[in-house]
Amino acid sequence: MARSPVEPPASQPAKRAAWLRAELERANYAYYVLDQPDLPDAEYDRLFVELQRIEAEHPDLVTPDSPTQRVGGEAASGFTPVVHDKPMLSLNNGFADEDVIAFDKRVADGLDKATDLAGTVTEPVEYACELKFDGLAISLRYENGRFVQASTRGDGTTGEDVTENIRTIRAIPLTLKGKRIPRMLDVRGEVLMFKRDFARLNERQRAAGQREFANPRNAAAGSLRQLDSKITASRPLSFFAYGIGVLDGADMPDTHSGLLDWYETLGLPVNRERAVVRGAAGLLAFFHSVGERRESLPYDIDGVVYKVNRRDEQDRLGFVSRAPRFALAHKFPAQEALTKLTAIDVQVGRTGAITPVARLEPVFVGGATVTNATLHNEDEVRRKDIRIGDTVIVRRAGDVIPEVVSAVLDRRPADAQEFVMPTECPECGSRIERLPDEAIARCTGGLFCPAQRKQALWHFAQRRALDIDGLGEKIIDQLVEQNLVRTPADLFNLGFSTLVALDRFAEKSARNLIDSLEKAKHTTLARFIYALGIRHVGESTAKDLAKHFGSLDPIMDAPIDALLEVNDVGPIVAESIHQFFAEEHNRTVIEQLRARGKVTWPEGPPAPRAPQGVLAGKTVVLTGTLPTLTREAAKEMLEAAGAKVAGSVSKKTDYVVAGADAGSKLAKAEELGIPVLDEAGMHTLLEGHAR
């Protein structure tokens, strides 16, 4: 069903109502029949409320087939239609506390409950409260305790026969238990998929190379409406009973809560997250309690449901149009909404990660007004085909950062622009680089970039780096936020008067920090390299670089081929080191650190190149515990013979020396057919080299 023509303005109510009806019907068809919802709930609700308002203001515009007069879509071909003996109606919705208070007032008035002079209800109504599941509504028919038929809600009057598929759901009893078994019982409830089961299902889909489901609701609906019940049987579906249709041969419980208690005695699954409360205050307390726990629930819900508890009071209140007067669905703030994407900027993280960020026309979603949403990375923007000018679906759940889920392609304007990742950092102008096989692009100005300033300073001061005692995160925050320190070099310009002026920084603390900074000026080359915070360069690699080159300048000027000669440095690490020193901003900060004797270290000649021999150019991996040699001693012997000692096994590994308790490295070597030596074999190899 194609999307409706151009949206008419509100000043033309007849055309506007016709457009709204067509748009809602199209959305209903996608939701109920195709199981491919393409309109967020909040947008559907907004359009539905607008149509209700227009029809209330212009009764002559109401049509018999208006969505306000019925519930949802048609039966899909391939399933036998089932006419419900008692219609499966939807509920009126409430979105704010005021809607709940108004509902309680209407109910109290309808039941002639006592009120005071101010109109406040003094005889509170008793309500049954339960969760509103985000699944698929169904009706189960039992005859003399045996399950005989299941049908979907469909349009509320006619649904689809899904009996064989429902039989596969283990949570649904095929035979009722207990003593009060009715001749006929229609159980109303919801088929859903728990979050953990949804995650496992998508894992299976990925492993099989099949399409993943967008959310548990889509997975449940798609599973239930399979023509092949074997597919349904393989899907982890669940069920909760919450209502009743036809009942014959047994007494109807006096209350709704009593009905659910009776269902439990019959062996039907009933959700335990329910309560009986009194008045609007009780309803709102239940709503807010559930809202606080919503994210931790094992299944998705989109609100709670209130029902007048006493059956006789339900009968007195009756129904209006498409919904009962005695019930209300109180929805949580929508987690998805439509809005326009006006621009895509990039944001620089503390580690230099470049993240595309969508700038949005303000939209209320997930309980807050959202104007920005993450696009994660460049690949995600391409995969989702999101462009500037698109109408997009934005999702915000709980405290999760808002994200753009997808673009609404048939609303894309002709002038929509594709996103182009910038080549320079917007914060500092340094080059943006993206290493092979990495999804994240990064700013290369690690020592200079304002966005990375706090992280760079914190790493620089670490105990294993320059070990600047007393320079913690809170002090760094103050120094950066007061613009006292921009780069690590600025730390060594800090004076006593500057430090004592900081919040909660006593004279003794200031003197101690100045002493630590003075001490940090005398370090080692390995510590200094590590302190620079070069991506992928840890303590061990920093030591290997210092040992191999002997001084800093050769490292800064080394081409990638020269870096690859360093022990344990592979292509990714070599590329990262090369990029760091190729960025002029980083070199400037390093020169500032070295200028006027600020930071010094003893330098020496580069490590002697290993003599040529059987191990020259060979890569060896050590694993396990050797009988007589420590790992370090064995490494020195191998390197002296010209070998490169690596930390992991790959196709480029020439030998693996294995001792006791060798683990995955030994297994990998055997899998790749790499020669494995014990300590004696290593000595034999070295002796062969010596000769």
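The first residue you see is number 1, and the count goes up from there.
Each Cβ is built from the backbone N, Cα and C atoms, and glycine gets one as well.
In the three-state DSSP assignment, the secondary structure recorded for LEU91 (NAD(+) binding site) is coil. Sequence-distant contacts (6 or more apart, same chain, Cβ under 8 Å) of LEU91 (NAD(+) binding site) comprise VAL305, ALA323, PRO324, ALA327, LEU328, ALA329. Residues or ranges marked as NAD(+) binding site in Swiss-Prot (evidence: sequence analysis): ASP41, ALA42, GLU43, TYR44, ASP45, SER90, LEU91, GLU130, ARG153, GLU190, LYS307, LYS331.
According to Swiss-Prot, the active site, N6-AMP-lysine intermediate annotation covers LYS132. Of all Cβ atoms in the shown protein chains, 20 besides its own fall within 10 Å of the Cβ of LYS132 (active site, N6-AMP-lysine intermediate). DSSP assigns LYS132 (active site, N6-AMP-lysine intermediate) to a strand segment in the three-state reduction.
Here Swiss-Prot flags CYS425, CYS428, CYS443, CYS449 as Zn(2+) binding site. Following the DSSP three-state reduction, the secondary structure of CYS443 (Zn(2+) binding site) is strand. Spatially close to CYS443 (Zn(2+) binding site) yet at least six residues away along the chain are VAL348, GLY352, ILE354, CYS425, GLU427, CYS428, SER430, ARG431, ILE432, CYS449, ALA451, GLN452, judged by Cβ distances under 8 angstroms.
Residues or ranges marked as domain 'BRCT' by Swiss-Prot on the basis of sequence analysis: 610-691. Under DSSP, residues within the domain 'BRCT' (610-691) fall into helix, strand and coil as 31 helix, 16 strand, 35 coil.
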Report, as a single number, how many Cβ atoms besides its own are within 10 Å of the Cβ of LYS307 (NAD(+) binding site).
21
Do you know offhand how many angstrom separate LYS132 (active site, N6-AMP-lysine intermediate) and LYS307 (NAD(+) binding site) by C-alpha?
12
Where does CYS428 (Zn(2+) binding site) sit by DSSP, helix, strand or coil?
coil
Sparsest-packed of the listed binding-site residues (ASP41, GLU43, ASP45) - C-beta count within 10 angstroms
ASP45
So CYS449 (Zn(2+) binding site), by the Cβ count within 10 Å over all chains shown, scores 26
Within a 10 Å radius around the Cβ, which one of these binding-site residues has the most neighbouring Cβ atoms: CYS425, CYS428?
CYS425
